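Step one of this worksheet: look at the structure below.
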């Protein structure tokens, strides 16, 4: 399956294949016949503080503030994060949880801006270069910082901060920049239209990114059902001197060839390592929309405040593509398309294969929203109750990751989380091919998402438990050491008393931190008073401590403390555990707010890379 | 709309279990027609009986198990099991033997293990083997194919529709006919018996009008009919080439090896291919997804092993045909094969050894 195969029509570039994949009715002509239209100005913009993978942005405006178009309203927190900018001028009227486009259907903190209709630009940073001809003179770090400050994230749907992806590090030399214009999901045409209408911008972005990652070449992968887009890009290349470094490669239409790993495989023959990222094999992959946004940011100083959105499906009257200010409510786009037509089975954010159902159309368009898909019952019929798996193996035939979906299904259903990992669950990109062909209509992807979530939760819990265990062991060791030291000092003091001539100093030598202090006789009274106060406080704490000790679960295997020796240990314990909770309580409290770490994010990102 | 199903993909599903099963049934048509042509109405009577018994047994089992009956009946899997079972038994089998075989297949082999998708063994083959062991004479007494030269030379007779029905339902032979007059050994059986008697293959083939170009007269056409159906299944993507090719490849290479050693002691490979249930087994029985291996490499191993076992049992075993035994034996091995034949996942090293 994986052998190198066909030459293209022009006989130039060798293309590779990935395993599986499905041919789908592409439905692109519903929405790609007309030009991109500016979305109507909505009265309100709703800007979620988290529109990207990573930490949510921190809000920098208050209710009542006047904001201008392009003004920063929330700044990134941490390396993997992105800022948010006001996409139109207006007044901040609320900062509160609102429904956002998310599979959970839950609300999340958003900044709500009432637009003033004046569309006044704020002060934008100066362009770093007047044109791409000057880009090589720019400092790489400066360009990368501009991309970060402009809030650019992957526009293909995964929305991973682009500045992070464009910083693969010294140890991972990049030779190829893969630009994803495959757009393999049916119905969606916003990348198609972008390539047709803004090919020059995309090329500017490609040129800038080539400079950033020091790659030799860029390959723009376009599926062969978008000949106009490929032609437009080729014409744009001819208009520049990039012909030697940038090539448009037309690839056969086969879902999911627009998956990051799949496209890289098709274009370069290389496979992104399991659990790895493309940089490990010398490739960085970016969406065409991201490239255009990079050009806007670097050459014009404009942050990411707009994107193209396809509104399509037979459930809307006039499917077409819009240039949409981020934060525009989905309902206003639907209304601009003439509203819903007839029966609506579901409204989906994204494509039919990987998109998720929206509970309501009162959610905003975010940086990641490439498509609003209104499906009629005929387009998305209810598959009915799932039947038992008959082990036909069609899922394995179409799996682009070459997994065994039915084995994953059996084990996911049985909640055998170790087993699903044995069958490489985390290499699943959730493309939906398996569920699409399943004759038993089993919602396979749903099972995999469930197993992944469960596995993450378990891993997180395990990490927290390990952490608590380590902390406990360290504390035990310290207590033991302190007890030893205390006894040693007591013995010394007794020896001194026995020897006679001991000054009345109280027992302050029992404390480590006082050992280095001056020992003058005139301060003795003061010291004794302080010491007595400390002792009282310590005793108080130790009683609290004791009640907690009894409440502590046995499974934590905490050895009993001798209640009497609390002077040092109780305060120590309090310092150890500032919330006063037991480790178990602590863990439970911390788990839901724990930010996933970098590795986890990478994994999520690769998992979500379907359209990146 | 059904709120139970909200996860992606939202596309219309392209396959359905019942359609798969119907396509399998459809693919059986050419082979069945040829069988009816050569062996008379008993074939169809058996098919109808088996189907009715199987559906009733399935419904009954589901009722007892308190599972929804209709969806399981409507997937037609019991029908396919019944049809395959009916094609393996002789057209003269009494109705109650068919019933016993079907009850064993559906109740014990399929439903006791959890119904469709959960049975480790092929129900049709297990039902057939159950009968074969319990009633060895009845299950191996085949009608002679209706080939005039053959009937004349051996003084045999075939049965009309009425006679067939009477025989199946009452066990009454037509007036003036004996069992010997209406039954004949299958070519596989005959070949083995004669070889055991020390005859050489040239002698055997010259001795009787029983032999056709490859296998037995009539029988080879039946095999051709099922081959046609198998090709249809391949073209409809109901099955993939792996199992059939491996089964036939295993059978062909094992028989070719021995035929090359001594062509007078071991029949020509094509004889194996076009005799007995080899073609039916390769395309319709070994490919039963539930009890077969699921990985590509596993399917090749599974199929090739079935082919070799068919040859081994036919050549040295005690039973005339071996497809059912071979399939059941390899069903046992499926979990192990699957475990050790997993594909290389995208992005994992092609071979740990290569890099080391």
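Cβ coordinates come from backbone N, Cα and C, glycine included.
Noted in TrEMBL for the protein shown:
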BINDING   A:389, A:392, A:395, A:438  [4Fe-4S] cluster 1 binding site
BINDING   A:399, A:428, A:431, A:434  [4Fe-4S] cluster 2 binding site
COMPBIAS  A:461-486  compositional bias 'Basic and acidic residues'
COMPBIAS  A:505-543  compositional bias 'Basic and acidic residues'
COMPBIAS  A:544-553  compositional bias 'Polar residues'
REGION    A:461-612  region 'Disordered'
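Put plainly, the binding-site residues A:392, A:395, A:399, A:428, A:434 were compared by Cβ crowding within 10 Å, and the winner is A:434.
Residues in the compositional bias 'Basic and acidic residues' (A:461-486) partition by DSSP class (helix H, G, I; strand E, B; coil) as 26 helix, 0 strand, 0 coil. Candidate binding-site residues: A:389, A:392, A:395, A:438. Nearest to residue A:428 ([4Fe-4S] cluster 2 binding site) by Cα distance: A:395. Long-range Cβ neighbours of residue A:438 ([4Fe-4S] cluster 1 binding site) (same chain, at least 6 residues apart, Cβ-Cβ under 8 Å): A:389, A:394, A:395, A:444. Counting every protein chain shown, 24 other Cβ atoms lie within 10 Å of the Cβ of residue A:389 ([4Fe-4S] cluster 1 binding site). In sequence order, the binding-site residues near chain B (CB to CB under 8 A) are A:438, out of A:395, A:428, A:434, A:438. Taking the C-alpha positions, the distance from residue A:434 ([4Fe-4S] cluster 2 binding site) to residue A:392 ([4Fe-4S] cluster 1 binding site) comes to 11 Å. Each residue contributes its Cα atom, and for residue A:392 ([4Fe-4S] cluster 1 binding site) and residue A:431 ([4Fe-4S] cluster 2 binding site) these two points are 19 Å apart. Annotated [4Fe-4S] cluster 1 site A:389, A:392, A:395, A:438; additional same-chain residues within 8 Å of its Cβ mean position, judged by their own Cβ, are A:390, A:391, A:393, A:394, A:405, A:406, A:409, A:434, A:437, A:439, A:440, A:442, A:444. A simple way to gauge crowding: the CB of residue A:431 ([4Fe-4S] cluster 2 binding site) has 30 other CB atoms within 10 angstroms, across all the protein chains here.
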